[in-house]
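This report concerns only the one structure given below.
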Amino acid sequence: LSLSLPLSLSPSHSLSPSPSLSLSPSLSWLEVDLGGRTRITAVATQGRYGSSDWLTSYLLMFSDTGNNWKQYRQEDSIGSFPGNTNADSVVQHALQQPVLARYLRLVPLEWNPSGRIGLRLETYGCPYGSDVVGFDGASGLSYRPAPGLTPRAQDCVSLKFKTLRSSGTLLQALGADHSLTLELQRGQLRLLLRRRGSLPSSEAQRQASLGSLLDDQHWHHVTLERRHGHINLTVDKSALQLHDPAPLSRWEFEQVGGGDRSVHKGLSDGHFLGCLENLLYNDLNLVELLKHNSPQVTVLGNVTFSCPDPAVVAVTFSSPQSFLQLPGATASWPGALSAGLQFRTWNRAGLLLTFEIPQRGGVVWLYLSEARLHLQVHKAGRTLVELSTGSGLNDGQWHSVQLGSAQGRLTIAVDQEEGETAQARLAFPVTTGSHLFFGGCPAEETNQECRNPFNVFQGCMRLLTLENQLIDLIVVQQRLLGNYSHLYIDMCGIIDRCSPSHCEHGGRCSQSWRSFHCNCSNTGYRGATCHSPVFEASCEAYKHRGNSSGLYHVDLDGSGPIRAQLVYCNMTEEQTWLVIQHNNTERTRVAGSSGRSHHSAYFDYSAEEKQLMAIINQSEHCEQELSYHCRKSRLLNTPVGSPFSWWVGGPGAGGVQSYWGGAVPGSRQCSCGLEESCVDPMYYCNCDADRGEWASDSGLLTHKKSLPVRSLVLGDLHRAGSEAAYRVGPLRCHGDKNFWNAAFFDKETSYLHFPTFRAELSADISFLFKTTASSGVFLENLGIKDFIRIELSSSTEVLFSFDVGNGPLEVRVRAPRPLDDDRWHRVRAERNVKEASLSVDALPVATREAPDDGHVRLQLNSLLFIGGTASRQKGFRGCIRALRLNEETQDLEERARITPGVQPGCPGHCSSYGSLCRNQGRCVERSQGFTCDCGPSAYTGAFCHREVSAIFKSTTSARYSFREPYEQSRNASALSSSIYSEVTLRGEDISLSFRTRQSPALLLYVSSYYKEHLALLINKHGERGEDFNLTADGEFNTIKALVLGRVSESDELDPELARLASLGFTGCLSVVQFNSISPLKAALLHPDTSPVAISGPLVQSQCGSSAPTNADAAENTHHLSDQSGSVNTGQPLVNSVRTDSALIGGVIAVVVFLTALGLAVVAVFLYRRKETYGNPEVKRTKAEDSPESPFTDQPDSHNIPSETAKEFFI
């Protein structure tokens, strides 16, 4: 190994090869002794002068004492540093976190394959001074401020500590009523706040934990700060904040390095064993005060001003090829065995120790499985002994294991006194062979003694003993004892990937040696780090997925910190309303009382404060009803008096408002005052007239900055006879300002630019696009080397690519159909420390895992380009909508208004969403989105999906009148409409749903001005079921009226049909359509503007719903809409539905083409009568008298044609 000493070090520093420097490439390192603790900020390397020797990759390690090394990691993930590419150039790396150490070790990983290991090394930094104090586990010190000091508004304690013990009290601070304790527990730092004198389990106790693996004998920095009613705790790079329940007016350190067990029960066992450095309280150095014998600092026990390092050497098994081979030891007596070790790991399984039993042909395996310790003695293909003990041994804590065999008994023990023991008897002694193998086995081609049917061990071991003798691992490192491969000796390289946790939104983190996993169950989020929201961001988004009204979880900020909220989405109107309820939305009556001057009401909403504000800010419009009903109870005391009543609304605690619903902020009026319609024009509110009869002031509050209503105060209730009632409705909002925010890019060279995308550790990007171009870049942001880009790489592929320093990575999604179809497509890309993912529409999500040991921070510095690139090449042509970066919506329209070549908004939504308009509803374009025109449909609702149904009684009649003949001729040029349709028909298209117990029954009746009529009936032919039949003749001329229910104009009907028509219909009719007419919809929803006359009770209902709400309605409901058939005239379609129930139900769809070729029929009886007007060719027949009706209940009944009508039963 060729070395060149750097010339830039100060004379007090020296650089020399370590005595233990090995020339074997796999074991080489360069160790630098800086002569004292130094703050190291950078390192630089260079190849050997005039040679082909240089490093291309290396590790850095540091230590205070030359033992117990710790690897330096950038970004908490990257272990290696890139080196040189030639022998002459200098490559310098500034350390993101400066290192405090005396010793620095450089470990070569890779070098120029044409040369050897060669380097010149230079370090940059400055000397570091500190005051250190050591505690022996039974000592401590206390500090009390000097009397008369003024209490401070804030306090700060900072210190550094290092220890090998996982538990112990670091600090206790006492106040007048409360105490604060910092203690180590299982390698974490726990902050405990409690009321003095309270029990540990009482509610007065509060605690929080921070940090992990703090018992590694390396320095850790702690800062504890009290400020503005909060306590801030920082451990290394992790921080948390707690509310201070009762601020300590002045801290008194009862104990540093220990705790008073009699006062503070429930603390960790034992005092602190280890060292503290630079213990500062505000501006005071307590260690320096102690050195100068200050009376404010008192020593308890043996405290030293040095920090000796315990001689404990750990070894790290870092890879599947790791193993440690040691020679067997001679037992203290024949047939005995004693072996021990300590280990820590995150893995649930792995081999700890194996060896052969000499002269017995057996093998012993000591291993972890399912986080339990197992021992197995195997011989000749069968298991002789199997023991297990312990649990949860993959928790990252140090666990001791002891294996012993003596006097025919085999024993394994975990964690000595605190743990568990398992034992078994053996018929033969267990002793070690010539070698023992720890962690794994050598490669098979070089190994004859070691077999491992289990996983290899990945973790750390220390304090290895054989026959009660400690193994010197430094001697092993020097190759003077045993053998090993892929080990790091004199260091424990365990990393806690769950502290701090990368699992977001409450996801639970678990880990193995090389990776971590997030359990996102019940969080409302998904993905590798629980980052992506499961729920949509608004009711508008749910609506455009085709959902109907109901309760939905809405995640307003997506992957942001605000939790999803359960809200009601009302989609029955053109606008989509989001509704937030509170604790009292009903009208509440308040009686007057002489003993009470005012009445107060407070409103608690189902959403949290952050959720409420996000809903209001994200919506285009919000409103809340506010009404007051009064009798001798004045409201605002207008026009000049002080208001008797007011309400509080707005964000946070809200502000006092003295205007009422329907008025504008600051007006101090009610809606009638604004409209000049108050009962007394002298006042601005109806209630201010102070009349003895009931009056009211009501209206909508629409000023978003004053919403929601928090409380209400009513003041004029103390007089005799005063009465009032109030109502504060739910908060209702509509319009997602983000959902339709779009921009249109008409050229490949056009683009929008935004500030740099800040997404170092986590990035999520979502948007919708539509285009007719086969390729183009949606988004691009560049750094010096890093970049992120999303593009349409072909007509069927979306590509997400990025580079965080490990080289470019790509994630692709290929669609089975072209994406350049001018329809909206949804894209979501996410990149985090664990993986990158890309989803397009509902296609399977594509993922790409991040490397376990690599760069994780995305460092960008250019502008963010949308719809194009910095080079103005491969730009996107089309529309981009609803762009969100880390769930923050980017206002595309605002940027597009000031950017040439880009237009705000994007037309053409019906091509994508038109299919949501069902049941013949028409999609109508809007500037932002679309709406469904349900005029041609018998349905209603946002998507023409809600059935229009009504309950009919026997006396109910709904008569729809058509245009008279002379009106038709007078307006011959007018277009037909859904109200006045074509009145001379050569075909009828009829559809309806029904549910009834009545049989026979008349469902629908149509008459004409020429005394023709058409009837739709249920005709009963027996107890087994119902037959639906059809008869028709000729064409239907000049329709006069359509009747649902009871028919009053029965003079022109056959007597039997007239009798049936007079009985009316009892049951449910739904979605009735006759050609383009929806008579039931017109009667229920447009009675004032439609030619509909209603007599008797007609009640709108949901009885026609496919999910009936009562048991009777749920029985035997028939849907016949898809059972249509085409038959010739005279061919019967009988028994199309049969049921044994008394309840009849059905959905009828009829298309009748009155031509010579035939009829298209579905389960219909059509009765038609046509009078002859001066046509001699018409044959008249005389009906025979018969006591039987064509609607008789007898199974053998016959229908006898009358002289004036033709009847056909099809």
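The backbone N, Cα and C atoms fix where each Cβ goes, glycine too.
Since we're looking at a predicted model, the values are computed, not measured.
These features come from TrEMBL:
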{"type": "COMPBIAS", "residues": "1176-1185", "note": "compositional bias 'Basic and acidic residues'"}
{"type": "COMPBIAS", "residues": "1189-1202", "note": "compositional bias 'Polar residues'"}
{"type": "DISULFID", "residues": "CYS879-CYS906", "note": "disulfide bond"}
{"type": "DOMAIN", "residues": "1-126", "note": "domain 'F5/8 type C'"}
{"type": "DOMAIN", "residues": "130-307", "note": "domain 'Laminin G'"}
{"type": "DOMAIN", "residues": "313-492", "note": "domain 'Laminin G'"}
{"type": "DOMAIN", "residues": "494-531", "note": "domain 'EGF-like'"}
{"type": "DOMAIN", "residues": "530-582", "note": "domain 'Fibrinogen C-terminal'"}
{"type": "DOMAIN", "residues": "741-906", "note": "domain 'Laminin G'"}
{"type": "DOMAIN", "residues": "907-945", "note": "domain 'EGF-like'"}
{"type": "REGION", "residues": "1-24", "note": "region 'Disordered'"}
{"type": "REGION", "residues": "1176-1210", "note": "region 'Disordered'"}
{"type": "TRANSMEM", "residues": "1142-1167", "note": "transmembrane segment"}
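Of all Cβ atoms in the protein chains displayed, 23 besides its own lie within 10 Å of the Cβ of CYS879 (disulfide bond).
Here the domain 'F5/8 type C' (1-126) returns a mean pLDDT of 79 for the predicted model. Broken down with DSSP, the domain 'EGF-like' (494-531) shows 0 helix, 12 strand, 26 coil.
Cβ neighbour count for CYS906 (disulfide bond) (all protein chains, 10 Å cutoff from its Cβ): 25. Each residue in the domain 'EGF-like' (907-945) gets a DSSP state, and the totals come to 7 helix, 12 strand, 20 coil.
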